[in-house]
C-alpha cells in the first residue's frame with residue numbers, strides 16, 4: 001500500500017473507534033471525561049515506558065488503562081467528597097498530565113516521546129514504524145494496534161448493547177434490575193482509555209478529544225435512533241479523516257489539525273442543516289407554529 | 001403465578017437510616033406493609049420520601065437498618081420488585097422510542113448476551129396498550145407529553161410482572177387522563193394481590209386513591225389504614241407550620 005493509503009487507513013480506524021466510543025460519551029454526558037482521560041493516558045504511557053523501557057505494544061495499553069481508571073476513580077472520589085464534578089475533572093487530569101510532562105522531560109527525554117508529539121500526534125511518521133505480520137507482510141504498528149482496539153470496542157459494544165443503552169438512559173432503573181452499573185462505568189472508562197492511547201500516536205491528546213466528541217455530537221443531531229447514531233458517528237469520523245488528510249496535503253499543514261478542523265465543519269453543517277434538530281428546521285417549525293396560532 | 005401465601009408481611013423495614021454526605025435524611029425508619037395493599041408515602045419536601053424508596057432498594061446507601069421483601073433481603077427479592085423512578089431523573093432526548101423504553105423492563109428476564117425477541121416485543125406492546133399508548137409505540141420519547149412519558153415508565157414496570165411495586169411521584173406534572181389511567185392500573189395491581197408503595201404529593205387525593213398511608217418526615221410520623229392515619233392532627237405533626245399555608249391555599 002502507498003504511503004498516503006496507510007495514513008488514510010490509520011485515520012479512518014481512529015475515526016471509527018472514536019466515533020463509536022464518542023456516542024456513549026455523549027449519551028452518558030461524559031464529554032469532559034474524554035478530555036481528562038485522553039490527557040492522563042500520557043502519564044500511563046510514560047510510566048509504562050519507564051518500567052519496561054519499551055514504547056510499544058501491550059505495556060502501553062495496560063499503562064493507559066490504569067491511568068484512565070485512576071482518573072475516573074479520583075474524579076469520582078473528589079466529587080463524593082464535595083468538589084464539583086467539572087472542577088474535580090479539571091484538577092485530576094491536569095495534575096496527572098503535568099506529572100507525565102515532567103517525567104518525559106526529566107527521565108524519558110531521549111525516547112520517541114516528546115511533548116509536542118503527545119499533544120499533536122504525528123501521523124506522518126506512522127507508515128515508517130512497521131511490524132512484520134504473517135500473511136499480510138509489513139504493516140504500520142499503529143494500524144495493528146488501532147485495528148485491535150476497534151475490534152475490542154465493537155465486540156464490547158455489541159455484546160452488551162442493550163446494557164449500554166439502558167445504563168446510559170436510566171442508570172438508576174438499570175441498577176434496580178440488577179445490572180452492575182458501576183462495573184460497566186469502569187469498563188467504559190477502560191474503553192475510552194484504550195481508544196485514546198491507540199489514537200494518541202496518530203492524532204495526539206488534543207485532537208483525539210475532537211475525534212471522540214464532535215462526530216458523535218453531529219450524529220446526535222441527525223437521528224432519533226441509537227443504531228443510526230452509531231453508524232453516522234463512525235461515518236462522520238471517517239469522513240473527517242479523509243477530508244482532513246486532503247486539506248492538509250493541499251494546504252501543506254498538520255494532518256491531525258486538519259482532521260480535527262474537519263470534524264468541526266461536519267458538526268457545523270449538522271447544526272445548521274440537520275432535518276429536525278438543525279437551526280433551519282427549528283426556525284421553520286417556530287414560524288409554522290406562529291402562523292398556526294395566528295390563524296387560530 | 002406462584003404466590004407466597006403464608007407470608008404475613010410484604011415489606012418489613014427495621015430501623016433504617018440514610019444520609020446524604022454527612023447530613024442524616026432518614027432516621028430509624030421502621031414499618032411493615034401487608035401484601036395486597038396500596039400505600040402512599042406522604043410528607044413535606046425534604047422529608048426523605050424518594051430516599052426512603054432508594055435506600056430500601058439499595059440504590060442509595062443505608063447507614064443502618066434492614067429491609068426485607070416477602071421475607072427475603074433485597075438481593076434475593078430483586079426480581080420480584082418493580083421500580084418507577086421520577087420522570088425527571090432521565091434524559092428524554094435519548095435516541096430511543098416508547099416501545100424500546102418499555103422493553104427495558106424485560107432486560108432482566110432476557111438476560112446477558114441476548115436481544116429482545118418477538119414475544120418480548122409483543123409483551124411490551126401489550127403493556128403500552130393497557131396504558132392507552134399503543135399509537136405512540138414508535139415515537140421518539142422527547143416527542144411525548146409529560147403524562148405520556150409517565151405512562152411509558154409505568155408500562156416498563158408492568159412488563160416486569162413484579163410482586164412489589166415502588167413508584168416515585170408518578171403523578172407529578174401529569175394530565176387528568178394520565179392520572180386516572182395510572183391510579184386505575186395501581187388499583188388493578190392491588191386487586192391482583194400485588195403490593196404497591198407510591199410517593200405522593202397531593203394531599204387532597206390521598207383518601208380517594210390509597211388504602212394505607214405512611215406519613216414521613218425523616219422518620220415515620222404515622223402509618224396505617226388511611227381512615228385511621230390521615231387525620232388533621234397527624235398531618236399537622238408531619239408538616240408542622242407548612243400545612244396551615246396549604247389549607248389556606250385550598
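Here, residue 1 is simply the first one shown, and the rest follow in order.
In case you wondered, yes, glycine gets a Cβ from its N, Cα and C as well.
Annotated features in TrEMBL:
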TRANSMEM  A:6-27  transmembrane segment
TRANSMEM  A:34-51  transmembrane segment
TRANSMEM  A:57-75  transmembrane segment
TRANSMEM  A:87-105  transmembrane segment
TRANSMEM  A:135-160  transmembrane segment
TRANSMEM  A:172-196  transmembrane segment
TRANSMEM  A:202-222  transmembrane segment
TRANSMEM  A:229-251  transmembrane segment
TRANSMEM  A:257-279  transmembrane segment
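Sequence-distant contacts of the transmembrane segment (A:172-196) (same chain, six or more residues past either end, CB-CB distance under 8 Å): 17-18, 21, 24-25, 28, 33-34, 37-38, 41, 44, 61, 64-65, 67-69, 71-72, 149, 152-153, 156, 160, 163-164, 166, 205, 208, 212. Listed as Cβ neighbours of the transmembrane segment (A:135-160) (distance under 8 Å, sequence separation of 6 or more from its ends, same chain) are residues 6, 9-10, 13-14, 16-17, 20-21, 24, 56, 61, 126-129, 184, 187, 191, 194-195, 198-199, 201-202, 230.
For the transmembrane segment (A:57-75), the list of distant contacts is 33, 36-37, 40-49, 51, 85, 88-89, 92-93, 96, 145, 185-186, 189-190, 192-194, 196-198: same-chain residues at least six beyond its ends, Cβ to Cβ under 8 Å.
Ranked by number of Cβ pairs under 8 Å to the transmembrane segment (A:229-251), the listed stretches A:6-27, A:87-105, A:257-279 are led by A:6-27. Here the transmembrane segment (A:257-279) has Cβ contacts under 8 Å with residues 11, 120, 203, 206-207, 210-211, 214-215, 217-222, 224, 236-237, 239-241, 243-245, 247-248, 251 of the same chain, all six or more residues outside its ends. Listed as Cβ neighbours of the transmembrane segment (A:87-105) (distance under 8 Å, sequence separation of 6 or more from its ends, same chain) are residues 32-33, 35-37, 39-40, 42-43, 45-47, 50, 67, 70-71, 74-75, 78-79, 113-115, 118, 205.
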